[in-house]
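Here is the structure we will look at, set down as structure tokens.
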Amino acid sequence: MSISTTTLSDRPGDPGRSDILAVAREQVLERGEGLTREQVLEVLQLPDESLDDLLALAHDVRMRWCGPEVEVEGIISLKTGGCPEDCHFCSQSGLFASPVRSAWLDVPMLVEAAKQTAKTGATEFCIVAAVRGPDERLMGQVAAGVAAIKDAVDINVACSLGMLTPDQVTRLAEMGVHRYNHNLETARSYFPNVVTTHTWEERWETLRLVREAGMEVCCGGIVGMGETLEQRAEFAAQLAELTPDEVPLNFLNPRPGTPFGDLEQMSGPDALRTVAAYRLAMPRTVLRFAGGREITLGDLGARQGLLGGINAVIVGNYLTTLGRPAEADIDLLGELQMPIKALNETL
Amino acid sequence: MTAPVQEPAADGAAQFCDQCGAPAAEPGHERCAARRTLEPPRFCPQCARRMVVQVDPFGWTARCSRHGETHS
């Protein structure tokens, strides 16, 4: 990894730190080379007064290397709750006193949700299950659901079913699942503070298998879980090393009953700095606004994010919580003159 | 977390908070009220049982084993 060429003081907020913006402009905007871990840290340490300039640069980078299109996605929980894992942010773990109860969705409801999602112009529909990894019952349900959706709706189907075996990866690819989501969630060094029932390396192995099978790799995480800025920068570099096709960026929404239920929400400026920093680390990826943006950034956040490096959104609700009305995001894209990515561009 | 299960009031009025399951008349539901805009109900407002909730991209359904299903 190269070291930043800027000369900086160690004091956060030092005006000298804005030099990183000049470096990023030449390195990322002009040459398309993402920022290193050390450079991302400098960006994350920029003072609030530099935020507008940072967001503008991240937007320029996104427009230059990705274009104006925005990828729109809907997500659905096929199997909710009762998960044996202990991801400390998650209300669907069966190990915590969360109010979320187990539920299964049937195939007709899955197809109806995909139809409604497609009506918004979305090109992506992601089927999610709260599991360590899929068992045969779940694989069967996914196979039936994917086939039924493909028969009824013109939309790309993605899945997020936890850790996979090589055989399961092959079967999902054969079903026509075009993208697989498996978040690393946080920096490798912080992961043991977030999950103890499996390892960061196990997740990485699933991602490797997914790529080998020819599916697109979707991998992101959650920021604001108590990680340091250094670890937030570390995570950006680790994601960049993975070169995922898509990075969903979530902001912790502290869930009642979970170990992280009493953590403070991260501030809006910190969230926006993270968006921009991750764009500068990964200039060509699909960077998706995901869960927690409503409570962290409010209604203005969607606009600021889309003008600060984001080029994909989850519309409507999330897995167990509610989002902004889909129409609000679609109307905003029209207002910002950002076309929704068409299906034929994603195939 | 779950409040003791009780029979609904004769007039059908909500007795329990749908976010935390505690009696609605008790003080301290400010966070629940703030949360409600971005959360589906989790507890039956009539009996405080935890409900089976399914969120989809454009709505939700919540089912109480005693009092049936409600939806957005």
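Using N, Cα and C of the backbone, Cβ positions are placed for all residues, glycine too.
Automated prediction, rather than curation, is the source of TrEMBL annotations.
Small disclaimer: the values here were computed from a predicted structure and weren't measured.
The [4Fe-4S] cluster binding site feature in TrEMBL is assigned to A:Cys83, A:Cys87, A:Cys90. Taken from TrEMBL, the feature [2Fe-2S] cluster binding site applies to A:Cys126, A:Cys218, A:Arg288. Residues annotated as domain 'Radical SAM core' in TrEMBL: A:68-293.
Overlay of TrEMBL feature records on the structure.
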residue  : record                        : contacts (Cβ under 8 Å, 6+ apart)
A:Cys83  : [4Fe-4S] cluster binding site : A:Cys90, A:Gln92, A:Ser93, A:Gly94, A:Ala130, A:Val131, A:Arg132
A:Cys87  : [4Fe-4S] cluster binding site : A:Ser93, A:Glu185, A:Val194, A:Val195
A:Cys126 : [2Fe-2S] cluster binding site : A:Glu73, A:Gly74, A:Ile75, A:Ile76, A:Val157, A:Ala158, A:Cys159, A:Ser160, A:Arg179, A:Asn181, A:Cys218
A:Arg288 : [2Fe-2S] cluster binding site : A:Glu71, A:Glu73, A:Gly220, A:Glu246, A:Val247, A:Pro248, A:Leu249, A:Ile310, A:Asn311, A:Ala312, A:Val313, A:Ile314
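Residues A:Glu85, A:Asp86, A:Phe89, A:Ser91, A:Gln92, A:Ser93, A:Ala130 surround the recorded [4Fe-4S] cluster site, their Cβ atoms falling within 8 Å of the Cβ centroid of A:Cys83, A:Cys87, A:Cys90, which are themselves excluded. Model confidence over the domain 'Radical SAM core' (A:68-293) stands at 97, taken as the mean pLDDT rounded to a whole number. A:Cys90 ([4Fe-4S] cluster binding site) falls outside any helix or strand according to DSSP and counts as coil.
With a 10 A radius on its CB, A:Cys90 ([4Fe-4S] cluster binding site) counts 25 other CB atoms from all the protein chains.
Its Cβ placed at the centre, A:Cys218 ([2Fe-2S] cluster binding site) has 26 other Cβ atoms within 10 Å. The DSSP secondary structure for A:Arg288 ([2Fe-2S] cluster binding site) is strand.
Secondary structure from DSSP puts A:Cys83 ([4Fe-4S] cluster binding site) in a beta strand. Neighbouring residues of the recorded [2Fe-2S] cluster site, listed in sequence order and excluding A:Cys126, A:Cys218, A:Arg288, comprise A:Glu73, A:Ile75, A:Glu124, A:Ala158, A:Ser160, A:Arg179, A:Asn181, A:Gly220, A:Glu246, A:Pro248, A:Val286, A:Ala290, A:Ala312, A:Ile314 (Cβ within 8 Å of the Cβ centroid).
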